[in-house]
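Contents: one structure, followed by commentary.
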Amino acid sequence: MATTQEQKATPNILNNTTTTTSSWADPLRNRPSVATVISAVDSFSDPPPNTTSTTKGIPVMTRAQTCHPLDPLSAAEISVAVATVRAAGATPEVRDSMRFVEVVLVEPDKQVVALADAYFFPPFQPSLLPRTKGGPLIPTKLPPRKARLVVYNKRSNETSIWIVELREVHAATRGGHHRGKVISSEVVPNVQPPMDAVEYAECEAAVKDFPPFREAMKRRGIEDMDLVMVDAWCVGYHSEADAPSRRLAKPLIFCRTESDCPMENGYARPVEGIHILVDMQNMEILEFEDRKLIPLPPADPLRNYTSGETRGGVDRSDVKPLQIIQPEGPSFRVNGHFIQWQKWNFRIGFTPREGLVIYSVAYIDGSRGRRPVAHRLSFVEMVVPYGDPNDPHYRKNAFDAGEDGLGKNAHSLKKGCDCLGYIKYFDAHFTNFNGGVETIENCVCLHEEDHGILWKHQDWRTGLAEVRRSRRLTVSFICTVANYEYGFFWHFYQDGKIEAEVKLTGILSLGALQPGESRKYGTTIAPGLYAPVHQHFFVARMDMAVDCKPGEAFNQVVEVDVKIEEPGKNNVHNNAFYAEEKLLKSESEAMRDCNPLSARHWIVRNTRTVNRTGQLTGYKLVPGSNCLPLAGSEAKFLRRAAFLKHNLWVTPYVPGEMHPGGEFPNQNPRVGEGLATWVQKNRSLEEADIVLWYVFGITHIPRLEDWPVMPVERIGFMLMVFHSKLAYFIAILSVQK
C-alpha cells in the first residue's frame, strides 16, 4: 500500500492532475517496474468497478471497453450523438431545422492513448508510460468517448459546435433511445460550414425548376432537363457580397446528350454564359442572368468513358491477366483498427473531412524495442486554384477538404480494380445532412505490394550476387469531388521509410469556346472545348514523435542544404561540396520552401537519443516534385489559403490547431486564418512536440492526351530514417530473401 504522500505525488495519467480518490485501482503498485508484462484478457464485457484478475500470479486489468480511444465512431455512436443533440433543441422548430454537417470522434489526449495501449488493448505496452515513484496509477476504465458535432440550423442560418459524451451506445438503435450527455454547445458566428450532398441535389433541382433557366437552356437547344447537370460550387470569398451572412453557391452547368447513357461524360459539354447565384439556406435563385450565348460543344461519343465498341472503336485485346496471389495469406495482422506488419505497427482512423488518418506509428527495432515515429498523419486540406481570369473559371478555387470533405466523398473500392492482391477493407460511417447514418463499405484498402529491388550487390571477384526484394504495406482511399478523383496512399517500407502519395485522375473541368476561338489560359482539346490551366495543392499534417513517448517533447527540426565549398586551400580541385545543417529555432524561421538546387530537406530529430555512433536519431522529410502558387499575391483565394505561400511550416503541438485555413474556409472573410495566424506567436521549436505541415502541389497544363479522361498523375513525399540504427544496412540485415 502506497503512503498518502506517495499517492499525492503520483500523476493522474488522464488529466495530468493528482488524485487520491478510491475510484482508481492500482493493480501493479507493488510490482518492481511498469515494464511488467501484462497478459491478454479474454473478456470483452464491462466489469464491475475496481475489479482485477490474476493470470499466473500477475495482476491483470479487466478490459473495461472494447472501443480503443482512437477508433473512429461507430454507426451506433453517431446515432447516439445525433439523437442527443437533437433532443437538446429548445423547441420543435429548432430540432426540425437541425442539419448535421459532421460528427467526429473527440480524439483524447496523447496520455490517454498511451494508457490504452499500455494496459487496456493488446499488444500491451506498459513501457509507453513514464516511470513514476510508487508505480503507475491505473484506472479501471478509460474515460468515456466523446463526439464533436458541427450542426447547421437551416432556419436561423447559424452554425454551432456540440460536444457529446457517449454512454450506453449499444441501446442507440432501440426506438431512437439515446444515452449521451451534452458537455458543451457553442454558436460560431460569421461562418458557413461545408456543403453537403443533400444540398447539392436540392440545388440542382431548384435550378432546373427555375423558369428563366429553362428558357436559357431552350435557347441552347436543350428542353430535356434530365440531360442537365448542375454542380453547386461554393462561392469562395471575393468581395463582401460573398460574406457568410448568407449561404451561397454559384453552380457550374453541364449537359449530356443522352438521358439513357449513365456512362456518358457530361463534363464534355459545359454550358457557359449563364450566371446563377443560389441561396442554399432557402434553395432560392437570388441572381440569374443569361449573359452570353455560347454554343454547346458538339456531341462526340469518343469523349465518353464507356467500352470501346460504344465509342466506335475496340478495347485492347493484347493485355493478358496479371494475378497477385498470396497462397499463405498476407504478412500483416489486423486487430480492429490496429495494424502490424513486419516491424511496423499503427492504427487507422477515418474522418469526414480528412478521410484516412494514421495514428501511433512505431517501428520495432530489435533490442531498442518500440520506437515511435509519429502520433498522427493525415491530409488536412487541399486547394485547387484555376488560372483563367474569365468568368466563371476565376471563381474555381475549391477547398475540397474544408468546403466538401475528402472522407465524405470517398467511395467503395473494388477488388481487382482499385486494389490487387490479398485485401483487408475497412468501412466508414458518416452522418448525412438530416442526421441519418450512412456507411461506405470497403472505403479503406490495406494490402501488400511488391516494390522491385530493395538492395543488390555482386562481388566481381567471386561472381556471387545477393539481392533483396522490396515489399511495402499500402493503406489508401479514393474520393470523387465533382469531376476529379483523388487517391490518397500511405506506404510503409521495410527499410523504415514512409511515403505519402496522391494520385490525381478523373475528368477535367472544362470551358466552352466560340467557333474559331482559343484561350490563352488553357488548352484546346476538341472543337469548342478547352481545359483551363490550374494547380492542385495538398497539405499533409504530421504530428511527429520521433523516439518520444507520449508527454515527451524532445524533437526539433533541422534544415539541410548542400553547399559548394569556396575555391581555396580546402578545395584545390574545385570539386568539394558538403551538407550544412541549420536549426529552425522558431516558427518564423521554419516557414520554408523547397530548393532542389541544394537538395534541401528537413530532419525531425530527437534531442536526447543517439545511435551507436553518437549522432542524434531522426526522420528526414524528403520533398518530391513541388511548386508554389502562380497567382499574384493579391489573389482573393489567398486570403483563405495563406498557408500555400510556403512549402513547409512547423508548429509546436496544440490540440485545437488542426486546419491550416481555419475550420470553416467556406465564404471565409478573414485574412490568413489558421496556420498563418498561429505562427505569428513565433513559438520556440528548439525542443518541442513538433508538428510538420508540408504543402505540395502540381501545376496542371492539360494536354490533348489528357482527354477524354485524365491519366493518373502522382505527387508526394518521403519520410526517411536518418542517423538511426534501424536504417544501418537494413537491406542486408533485416530483410529476408
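Glycine is treated like the rest: Cβ placed from N, Cα and C.
What TrEMBL annotates here:
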- Asp400: active site, proton acceptor (ACT_SITE)
- 68-156: domain 'Copper amine oxidase N2-terminal' (DOMAIN)
- 193-296: domain 'Copper amine oxidase N3-terminal' (DOMAIN)
- 322-720: domain 'Copper amine oxidase catalytic' (DOMAIN)
- Tyr484: 2',4',5'-topaquinone (MOD_RES)
- 1-28: region 'Disordered' (REGION)
Taking only the residues in the domain 'Copper amine oxidase N3-terminal' (193-296), give me the average pLDDT of this model.
94
Round to a whole number and give the Cα-to-Cα distance in Å for the pair Tyr484 (2',4',5'-topaquinone) and the residue listed as 'active site, proton acceptor'.
10
Sparsest Cβ surroundings (other CB atoms within 10 Å) among the recorded positions Asp400, Tyr484:
Tyr484
Reported in the order helix, strand, coil, what are the DSSP residue counts of the domain 'Copper amine oxidase N3-terminal' (193-296)?
29 helix, 26 strand, 49 coil
For the domain 'Copper amine oxidase N2-terminal' (68-156), DSSP counts of helix, strand and coil?
32 helix, 18 strand, 39 coil
